[in-house]
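Notes for the one structure printed next.
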Amino acid sequence: MSLAIWQECLAQLKDELSAGDFSTWLRPLQADFNHSTLSLYSPNKYTSEWVRNKYMATIEDKVQQLVNQENPNHSVKIRLMVGNVSSVEKKPAKQIPTQAPLTNQPWEGESKAHRVPHKSNLIKKYTFDNFVEGKSNNFAIATTQQIAENPGDVYNPLFLYAHPGLGKTHLLHAVGNAILAENPESKVVYIRSERFVQDMINSIRNNTIEQFKEYYASLDALLIDDIHFFAGKDRSQEVLFQTFNSMLDAHQQVILTSDRFPKEIEGIDERLRTRFGWGLSIPIDPPELETRVAILITKAEERGLKLPDDVAFFIAKRLTITDVRVLEGAIANISAKAQFTGQGITISLVQDALRDMLAVHTKQTTIDNIQKIVAQHYRIKISDMSSKRRTRTVARPRQIAMALAKELTQHSLPEIGEAFGGRDHTTVLHACRKVQELRRENNDIQEDYKILIRTLSM
């Protein structure tokens, strides 16, 4: 038996699955045949679990059928694990011409791309070590860490999308810093979209546009923040499109971020949006309670403060935000209040320090407001939230509203059930679990949920 069997299995799966599913879950797998065992290696635990639950049975059937065509009645064992094929050597680092020393000079439009000094623009303090991990962002973290280990090999391009303030920029810097830590000679550049556009305009004025394109195409990794800024800028999109193609063809890593899913970015050429979808698109969700607590404690420690657990939970339960910078602002206010008064950090001090912030937040997250916003979003009547109607067009929005009420308010399950037509707390619990399941399996539901949280947090 040989790896040709696995390649044929992949070819069949590629024909049966959507391009996105195949590229996301199966293409990254590495394989190794040893006697009667096919070992499959996934880049991270999340991918491994997804493949095991969704595709493993199909893979086993196809591999066995292919083996039987060559050797009837011969059985094959398939193992799935996290890691790399032991015999696969690490890709050698790209050789950087000696004429290209790393400097802190910005783009100047020199005549030859390989002689253009570059500035990474990376902020060294942003690393994986100080990025607080939780359920809302663990897939994004695992994926970017895998990319840092093998840039250009898997998940290329990577598209991260999230509401502002949820860590997209931090992760871009973290993966760039990790790549440079592994190979200091790598040419890695982080750049905001508006700076890219401005540099391109300057190169046109200076008649150095070809050198500009060559320079970006010569990088080992390009990290572009806020890609939605390119909307409506046709010439910039054309240059980005050419750069994109050149880098992907050369297996050079591209990571992009935006505040919305690629297909939702208006004013972007369809060719570019298609390219964005070639790799993996990952959302970063608003942090859940436990992650908010961890963020608060971490940010307090960075300021030399000891934030008691009960105080951290008190703040986290009342600031169910979609922007981590709000939590950072809360810690700054608490720190200033504690220093000014000389008091210890207690719930009483926090209530005083965050009085205005907590008042605004409480106003935004009432059950009535949630019902109103969800009803408007799904174009149903507010009265449907408490009615006995069970049609999907009504029941699904009602379940989503219940889940939002549990996440965004301090009401108990019985209180939430009462607000939704006197329903039992078990009905609310079922709704929350159902919505959580749907968000994992249905991109439309996931996007709706994120939009609703964003709206309710404004």
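Each position is counted from 1, following the chain as shown.
From the backbone N, Cα and C atoms, a Cβ is placed for every residue, glycine too.
Not measured: the values here are computed from a predicted model.
Pulled from Swiss-Prot, these are the features on record:
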BINDING   Gly165, Gly167, Lys168, Thr169  ATP binding site
COMPBIAS  96-106  compositional bias 'Polar residues'
REGION    1-79  region 'Domain I, interacts with DnaA modulators'
REGION    79-120  region 'Domain II'
REGION    92-114  region 'Disordered'
REGION    121-338  region 'Domain III, AAA+ region'
REGION    339-458  region 'Domain IV, binds dsDNA'
Residue among the binding-site residues Gly165, Gly167 whose Cβ has the most other Cβ atoms within 10 Å: Gly167
Check: same-chain CB within 8 A of ATP site center, minus Gly165, Gly167, Lys168, Thr169: Ala162, Pro164, Leu166, His170, Leu171, Thr257, Ile284, Val324
Helix, strand and coil totals (DSSP H, G, I; E, B; other) for the region 'Domain I, interacts with DnaA modulators' (1-79): 46 helix, 14 strand, 19 coil
Counts by DSSP class (helix H/G/I, strand E/B, coil) across the region 'Domain IV, binds dsDNA' (339-458): 91 helix, 0 strand, 29 coil
Candidate with the highest Cβ count within 10 Å, taken from the binding-site residues Lys168, Thr169: Lys168
Arithmetic mean of per-residue pLDDT over the region 'Domain III, AAA+ region' (121-338): 89
